[in-house]
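Engineer: One structure follows; several queries about it will come next.
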Amino acid sequence: MGLGLLLPLLLLWTRGTQGSELDPKGQHVCVASSPSAELQCCAGWRQKDQECTIPICEGPDACQKDEVCVKPGLCRCKPGFFGAHCSSRCPGQYWGPDCRESCPCHPHGQCEPATGACQCQADRWGARCEFPCACGPHGRCDPATGVCHCEPGWWSSTCRRPCQCNTAAARCEQATGACVCKPGWWGRRCSFRCNCHGSPCEQDSGRCACRPGWWGPECQQQCECVRGRCSAASGECTCPPGFRGARCELPCPAGSHGVQCAHSCGRCKHNEPCSPDTGSCESCEPGWNGTQCQQPCLPGTFGESCEQQCPHCRHGEACEPDTGHCQRCDPGWLGPRCEDPCPTGTFGEDCGSTCPTCVQGSCDTVTGDCVCSAGYWGPSCNASCPAGFHGNNCSVPCECPEGLCHPVSGSCQPGSGSRDTALIAGSLVPLLLLFLGLACCACCCWAPRSDLKDRPARDGATVSRMKLQVWGTLTSLGSTLPCRSLSSHKLPWVTVSHHDPEVPFNHSFIEPPSAGWATDDSFSSDPESGEADEVPAYCVPPQEGMVPVAQAGSSEASLAAGAFPPPEDASTPFAIPRTSSLARAKRPSVSFAEGTKFAPQSRRSSGELSSPLRKPKRLSRGAQSGPEGREAEESTGPEEAEAPESFPAAASPGDSATGHRRPPLGGRTVAEHVEAIEGSVQESSGPVTTIYMLAGKPRGSEGPVRSVFRHFGSFQKGQAEAKVKRAIPKPPRQALNRKKGSPGLASGSVGQSPNSAPKAGLPGATGPMAVRPEEAVRGLGAGTESSRRAQEPVSGCGSPEQDPQKQAEEERQEEPEYENVVPISRPPEP
C-alpha cells in the first residue's frame, strides 16, 4: 500500500524536475500538447542533462547484447565490431560502428575502435606512426615525442652504451653514464660501503654526514644539547635565539635577546623585557617606535607610538620625541609645548610686548592687533559694524533680503529696509518737487509771451520780433541787476521800440555794434568826463517796491535803483536821447544814438546836459543804412521851435530818483510838457537837453505778488483780455512841422494830441516858464543822467548861429520812414 503511493509521487517529481531543466532550444526537446505546454523530450528520445540525446529502442525494436541504439528503433554494432551478431572485431585498418571508418595508422599501428586514435608499434612514433624509433634493442621510444627510455644498465641517447656502476648499489645517469650511489655506498662506481653508524657518507670521499643528534668522525657519539644542535665535529651545542648555556638550557635574561643573548632589548614601555628570541616589545616608551622599540619618532611627531603631532615650535623645529617639548616657541605662545597663548595684555615673542587698548575686543597674541568682539570693528574696536555686516571684526556680510542684520547675532531686522526706503523717499520727493517747480519757472520765463507786446509786426520785421524777445530777458533781470559798466565793450546803438499802440512804452531790443563803427570813437557825450569814463553802461528798469522819491536819501541811491521806468507805467517821465523822428511814428519809439551811456557819471542835476561843443559821432555814420540806421539818424524837427517857455532853476540832485511811479499828470498833454521843458532848456546856460514823455495812461497798479506772477506769465493773458484797448493819440503832422527854425530836438520827439495847445502852461506853474525841467523828469534817476551824456547830433548840438531853414532841410532829408505813419496834410501857415 505504501509502495504503490510512493511510485506515482516519484514519477511526478521526476517529470517536474526534468521539465524544468530542459532547454527549449536543446536537441530533441518538444512542447507538450497539454494545456500546461510544458517542455518534454520528443518521442523516442531520453533526457540527458538539459537535452534529449539518448535514443530509445524498446519493444520489438530493442537492441541485442552487443548492439547499441543509435536512433529510435535503430540498432547497430558496438564500435570495433561488425557482423550479424556484432561479434567480429574490425580489421586493423578500420574502426567505428560496423567498422565503417578507415584507420590512418595502418600498417604501423591500429586505431582505437571508439575514437580512432592511433596506437603505434614499439619501433614507431608519431601522430600516424609514420616515424621509426632510433633507441636500439635496449630502449623504447616515446610514441608522441620519440625520446628513448633505456633499460637498466644502459645509457646514451639511443640506449646503446652499457653502464660501469655496481648495478646492485647504484644506477647510472642516461645522459652522462655517471654512477649515483644508493645510501650506505660510496666510490666512483659505488663499490664501497659507508662506516658512519647509519649516517650517510659523501660519495666521493666516504666522510660521514651525521644525522641530527649525532657527532664524531663516524657519527658514533650522541649530542647532549637540550635545545639547538651540536657541532658534528666538536659536539658543541649551537643555541637558538633566546637561550644560552653549554647545552642551551638557559633562557636569555631580561633586557637581552638573540643568539647567546648577545643583543639588548629596545625602549620597551616601563622597561618590560622584550622577546628573548626576536627582541620585540609589547609597547614602546613615548618617543620610540618599531617592533623592538629602537627607532625614534619621526620629526614632527612624539608620544606613544609617535601618534601625536608636535606643537608649533619656533620656525617648525622638531620637538622632543618623548615629551613633545619645544626649545623655542613662535610669537604669541608660551609653555613647554608652546600650547599656552600669551597672558591677557601681552603679545609677541616670549609675550614680551604690551597690547594696545582694545575697547570692545582682545589683543591678538601674535601681531598685537585688536580682535574685535562681535558687532565692533576698527583699530581699537570702538566702532560699531557698518550696515550690512556683523560678527567679529564685522567681517561677515549679512544674508538678509533687505541687507541689514543685527551686528552681533546676524539675525535679520525686519522693517529696516522699509524705514530707509521711507526716509529716502521723504528726502527725494521735496527735491523732485523743487526741481519740477524750477523747471516750470524756467519754461514760463523763457517761453514766448502772449502779451500784446508780442504781437508780430508787419511781414519781414524779423528785427522787431528779436527785440521783443530781448525785452522779456531784460524785464526778468530788472529786479536783480544794478547799473553795470560794460568795461571794454562798446554799444554803438541802443534802440528801445514799441510796436503796439495799446502799450505805451517797452524796452525791447539792444542792437549789436555796427560794422562801420570806428574804434577810436568815444562813447562819452561829456567832455569833462575824460577818456576813462568812456565805457558803455546800461541800467535795468526798476520794479515794484522801489524807494519813492520822498524816501530817497541821495542821488546815488536814486540812480542805482534803475534808469528806465517799468514798461507798465507810461506816464512816468524819463530822459531819452534826442531823436526827433519818434514824434512822427504811429507808435511811440525811442532810439538812442551811438555811444549813449545809461549809467550815471556824476551827481548832476536834471538840468545839466552834455556839452554841445563835443563833436557828434553821427558824421562818421553817414554810410549807415537799414532800418536801424534810419531809426538812429537824428534830425531837427519843427517842434523844436514850439518850446519858447523856460522853466525855473534846476532842483537838487536828491529830487531825482528811479523806481518811482508818478501819478498821471491829469489833463495836461504831452505837448505841454515838451514845450515847458524846451523853454527851460533854451533859457538855461548849459547844453540843451530834450526830455520826452510818452502819451498814454499807465496801467492799473498791481501788488508785488501779482507783479511776480505777471512776470511768470500767469496773469498776462488774462490781464490783456480784461483791459479795454486804448490807442495812443497820434500827433498831427502839422503840429510836427509847425516851426522849423527853433533849435531842434536831436534825439527824440513828442507826440501831441490834436486838441492840445502847444504852449499851454503846466499845472502849478506861475507862468509859461514856471515848471522846471527837473520837476518834469523827476523819478527817472540814471535815465535822466544818461540822457545828459548822450552825444548830440550835428543838427541839435551844432552852433546856435546855424541857419534854421538849412536845419529844416537836413531834417527832412534824414528823417526815417516809420511803418503805419501817414502824413497829414495841413493848410499852409499864414
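Quick reminder: no glycine exception, Cβ is built from N, Cα and C everywhere.
Okay, so Swiss-Prot annotates it like this:
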DOMAIN    215-249  domain 'EGF-like 4'
CARBOHYD  ASN289  N-linked glycosylation site
DOMAIN    302-339  domain 'EGF-like 5'
CARBOHYD  ASN382  N-linked glycosylation site
CARBOHYD  ASN393  N-linked glycosylation site
TRANSMEM  422-442  transmembrane segment
TOPO_DOM  443-830  topological domain 'Cytoplasmic'
REGION    516-539  region 'Disordered'
REGION    581-688  region 'Disordered'
MOD_RES   SER589  phosphoserine
MOD_RES   SER606  phosphoserine
COMPBIAS  644-653  compositional bias 'Low complexity'
REGION    715-830  region 'Disordered'
Engineer: Pick the one among the glycosylation sites ASN289, ASN382, ASN393 whose Cβ has the fewest other Cβ atoms within 10 Å in this structure.
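Structural biologist: With the glycosylation sites ASN289, ASN382, ASN393, fewest surrounding Cβ atoms within 10 Å: ASN382.
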Engineer: Summarise the domain 'EGF-like 4' (215-249) by DSSP state, stating how many residues are helix, strand and coil.
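Structural biologist: DSSP composition of the domain 'EGF-like 4' (215-249): 0 helix, 9 strand, 26 coil.
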Engineer: Helix, strand, coil: count each for the residues of the domain 'EGF-like 5' (302-339), based on DSSP.
Structural biologist: 6 helix, 7 strand, 25 coil
Engineer: Between ASN289 (N-linked glycosylation site) and ASN393 (N-linked glycosylation site), find the distance joining the two CA atoms and give it rounded to the nearest Å.
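Structural biologist: For ASN289 (N-linked glycosylation site) versus ASN393 (N-linked glycosylation site), the Cα atoms are 46 Å apart.
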Engineer: Take every residue in the domain 'EGF-like 5' (302-339), average their pLDDT values, and give the whole-number result.
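Structural biologist: PLDDT averaged over the stretch: 87.
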Engineer: Can you check what DSSP calls ASN289 (N-linked glycosylation site), collapsed to helix, strand or coil?
Structural biologist: strand
Engineer: How many whole Å apart are the CA atoms of ASN382 (N-linked glycosylation site) and ASN393 (N-linked glycosylation site)?
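Structural biologist: ASN382 (N-linked glycosylation site) and ASN393 (N-linked glycosylation site) have their Cα atoms 11 Å apart.
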